[in-house]
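Take a look at the structure below.
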Amino acid sequence: MANSPHGGVLKDLLAGDAPRHDELAAEAETLPAIVLSERQLCDLELIMNGGFSPLEGFMTQKDFDGVCENCRLADGHLFSMPITLDASQQVISDSNLKPGSRVTLRDFRDDRNLAILTIEEKEAKLVFGGDPEHPAIKYFNTKVEDFYIGGKIEAVNKLNHYDYVALRYSPAELRVHFDKLGWTRVVAFQTRNPMHRAHRELTVRAARARQANVLIHPVVGLTKPGDIDHFTRVRAYQALLPRYPNGMAVLGLLPLAMRMGGPREAIWHAIIRKNHGATHFIVGRDHAGPGKNSKGEEFYGPYDAQHAVEKYREELGIEVVEFQQVTYLPDTDEYKPKDEVPAGIKTLDISGTELRNRLRTGAHIPEWFSYPEVVKILLRESSPPRATQGFTIFLTGYMNSGKDAIARALQVTLNQQGGRSVTLLLGDTVRHELSSELGFSAEDRHTNVQRIAFVAGELTRAGAAVIAAPIAPYERSRKAAREAVSGLGGSFFLVHVNTPLEYCEKTDKRGIYAKARRGEIKGFTGVDDPYEAPENADLVVDVSKQSVRSIVHEIILMLESEGYFDRL
């Protein structure tokens with residue numbers, strides 16, 4: 001029999017509200033609407049299908065405060081992650097939303113009405129401290145709107161999915177599936193990465209020790225920027241399944257938006273798997289860790305997550321399986337947890353960074369590390385040969401610094417090289433074609449650069465070479481552009497055209513600097529608006545000291561050293 005849900009009752013709102021579907025659907029058409037983002041859709045889906053039981057809606061202030069302060073909902077139930085719905089001041093004002101209002105929650109992808117929220121509270125967004133490099137803090141600072149609105153949900157329609165539909169089990173469906181298979185003890189395994197031989201060995205060990213079966217339950221909602229896309233990962237999981245003994249493992253997909261919250265996230269993940277019927281949950285090394293902070297240090301200790309779930313072991317109601325990192329023993333061709341390996345025994349490991357480098361460069365990945373069928377999928381779909389991958393060259397500098405001339409010359413050189421299409425995004429062209437309505441305020445300049453980054457990222461992902469040459473005077477804009485392109489799997493090279501301002505003015509044949517000095521042009525970079533020199537440029541050049549030809553050659557050499565041209 002499957003594990004009981006967290007709180008004792010599975011809050012399957014879709015099933016509970018089904019008898020009132022026609023009534024709710026009709027009402028939803030008459031109400032003001034909030035169009036949900038991708039992350040909000042992930043949260044709503046797991047509220048409506050019971051994955052977040054005992055929640056029945058988005059948190060109110062008391063629940064939010066209790067969860068943030070001591071991992072407790074207002075009713076005392078353990079819950080470690082705030083689940084909130086944010087909305088802008090404009091949405092609040094336009095729809096006159098206040099406590100007691102009912103509002104439709106709508107899917108941005110197909111404009112379908114999904115649920116009705118009865119607002120219990122509306123509160124201004126709190127201000128949080130924390131390291132700005134943490135994904136959750138970064139999301140909060142850049143994406144979250146002005147207000148939180150909380151209240152109970154009434155389900156109208158389930159979300160439509162068009163990928164891997166047969167693998168998307170709701171908690172109720174997964175419980176029925178376990179019952180059909182006759183499974184009574186289920187070990188759930190959480191992952192946002194491809195699985196390799198070590199993961200197979202770890203999950204089989206856990207199942208063997210507890211006489212259980214395995215639920216491979218990867219996240220296919222929002223994960224960490226730069227992660228391998230879920231389409232590729234699911235194909236890799238499917239290729240791995242036959243490596244388990246027949247009937248031991250099932251693959252199910254979880255539409256979760258991860259927060260990379262380490263210890264708190266581990267507790268949350270355990271609750272979610274309990275709601276899906278699992279009796280055991282694996283928590284490994286650095287569970288849901290976001291990587292390094294702004295000081296280059298890990299946000300959490302490697303086993304902080306294990307300590308957190310151990311603290312609430314009895315209350316969680318799901319047995320947590322704690323594992324050390326496993327390592328390969330070549331002399332016996334087996335994997336063992338590191339704490340079980342005797343001193344002096346030879347071990348082999350490939351780090352995540354090294355694996356990504358090998359995939360990117362096509363270097364050999366040994367069978368002791370991963371299965372050939374998994375590697376084949378990853379190489380073919382997530383890491384094609386470097387010489388066929390796209391990239392973005394982002395030139396930044398003062399107006400008339402020479403970046404446009406460099407960009408045009410580089411475009412010609414890359415076209416002659418062949419092998420990929422080349423797109424040129426000059427600052428003036430983008431301003432005319434994509435951003436004609438924008439001015440030159442700091443926010444408009446930032447928006448302009450983000451539009452360039454969006455276009456560059458999509459083209460780079462498709463295998464093109466993109467040369468962008470805006471002034472891009474602000475560090476935050478350039479950093480966001482790098483993250484946008486890299487987040488889509490593309491390589492981003494920042495070239496600082498560090499031509500001195502005096503030289504730019506002296507060689508300005510159009511007289512634009514002179515107009516700015518006379519006050520005829522306001523907010524001009526270098527005159528009455530600052531240019532923030534890049535902190536982490538991949539290449540620094542100077543047209544006052546170098547020819548355009550030599551600078552283009554430097555860029556080509558940089559690309560060649562990274563493997564972007566065929567090597568015979």
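Just so you know, glycine gets a Cβ as well, placed from its N, Cα and C.
Of the listed candidates (ARG386, ARG408, ARG445, ARG549), Swiss-Prot assigns ARG445 to the same 3'-phosphoadenylyl sulfate site as ASP428, THR429, VAL430, ARG431, ILE471, ALA472, ARG510.
Site annotation (Swiss-Prot): ATP is bound by GLN190, THR191, ARG192, ASN193, GLY284, ARG285, ASP286, HIS287, and the candidate from VAL144, VAL326, VAL341 recorded at this site is VAL326.
Taking only the Cα positions, the spacing between ARG192 (sulfate binding site) and HIS199 (site 'Transition state stabilizer') is 12 angstrom. ASN193 (active site) and ASP428 (3'-phosphoadenylyl sulfate binding site) are 41 Å apart (CA-CA, integer value).
Least crowded of the binding-site residues (ALA288, VAL430, ILE471, ALA472), judged by neighbouring Cβ atoms within 10 Å of its own Cβ: VAL430. Within 10 Å of THR429 (3'-phosphoadenylyl sulfate binding site), as judged by C-alpha distances, no recorded positions are found among GLN190, HIS196, HIS199, ALA288. Geometry remark: VAL430 (3'-phosphoadenylyl sulfate binding site) versus ASN193 (active site), CA distance 36 Å. Of all Cα pairs drawn from ASP428, THR429, VAL430, ARG431, ARG445, ILE471, ALA472, ARG510, which the record names as binding 3'-phosphoadenylyl sulfate, the longest spans 22 Å. For the pair formed by ARG510 (3'-phosphoadenylyl sulfate binding site) and ASN193 (active site), distance between Cα atoms is given as 53 Å, rounded to the nearest Å.
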